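Quick look at what TrEMBL lists:
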- 123-142: transmembrane segment (TRANSMEM)
- 148-171: transmembrane segment (TRANSMEM)
- 217-240: transmembrane segment (TRANSMEM)
- 246-264: transmembrane segment (TRANSMEM)
- 324-343: transmembrane segment (TRANSMEM)
- 363-384: transmembrane segment (TRANSMEM)
């Protein structure tokens with residue numbers, strides 16, 4: 001199909017909302033969202049009024065003298081995005097996936113508003129401050145790398161930690177779900193992976209229907225529930241120090257897991273909840289891609305996988321600032337490795353090899369065998385995932 005300056009487009013019905021700096025364009029049939037600057041919105045409105053691409057180009061060049069206007073290229077981009085129904089009366093052949101309804105809509109919005117409203121949102125911030133204060137005033141509550149070693153059996157320790165972590169992940173994701181339901185919008189809970197590990201992920205695409213300030217609540221909802229869990233765990237440890245050792249140990253694992261996950265939220269080389277909050281607050285929605293492109297001038301190994309993204313006017317300063325936090329996030333991860341993960345690995349494997357070579361009971365010996373077998377399997381899966389990307 002040939003596009004000329006005399007071509008007229010018929011677009012799918014679009015919903016356009018003003019955002020921080022630009023506009024969010026929604027295609028309601030598929031539920032796709034796109035960020036566009038004002039000049040693109042002007043062009044779309046003129047397309048909808050029936051003007052040809054050539055007529056629009058002349059007007060835009062006059063109204064936006066500092067912009068490079070090419071309606072032929074923009075028209076091609078609209079077709080690629082699936083926003084065009086017809087060109088000069090000829091239908092564009094394409095399969096559009098109809099947006100699926102559902103997504104925890106069985107949860108009443110009133111339940112979501114009970115947990116996330118103007119009052120409760122302030123409470124969650126207070127909970128974070130209380131948790132920090134409790135740990136500062138009671139250094140013995142500060143998470144230690146040995147907190148996950150609750151039993152003599154390493155396999156039992158791993159299983160216990162994984163189960164507790166899984167429960168906390170589900171609580172975290174349901175925080176996101178309840179937050180978006182508070183606005184009577186759907187949410188989808190999917191399963192993804194990080195390297196070789198299975199993770200739950202909440203799809204908050206519908207949040208683009210909200211104002212930027214409202215979206216912030218959704219991004220922090222999971223962490224809010226985690227802080228509530230942490231306060232409960234810390235309070236029980238303080239109020240009942242002589243309680244059952246297993247119970248205290250499990251509470252210690254809860255605190256440790258939330259502490260590590262909270263620090264990971266500040267690792268800006270990953271798209272964490274805090275990362276999305278920063279994106280949303282600044283209105284720069286390709287921070288990671290643009291930041292990696294900026295850093296790749298000095299660190300070539302950090303080149304972005306997306307080469308077709310570029311910062312909008314005025315975003316360069318934010319991208320440079322983000323690049324600094326990107327590197328700080330890497331240093332934070334290295335610190336976690338040095339102070340937590342390496343000591344944990346050393347302790348675990350020293351115990352395992354001790355049981356393997358000098359065990360006094362058969363159960364300790366077979367526990368060591370099982371732990372090493374698990375290690376071999378995980379390493380194998382890790383290597384396989386690295387060599388089979390794409």
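Glycine is treated like the rest: Cβ placed from N, Cα and C.
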Ranked first among 123-142, 217-240, 246-264, 363-384 for CB pairs under 8 angstroms with the transmembrane segment (324-343): 246-264
Candidates 123-142, 148-171, 217-240; stretch with most C-beta pairs under 8 Å toward the transmembrane segment (363-384): 148-171
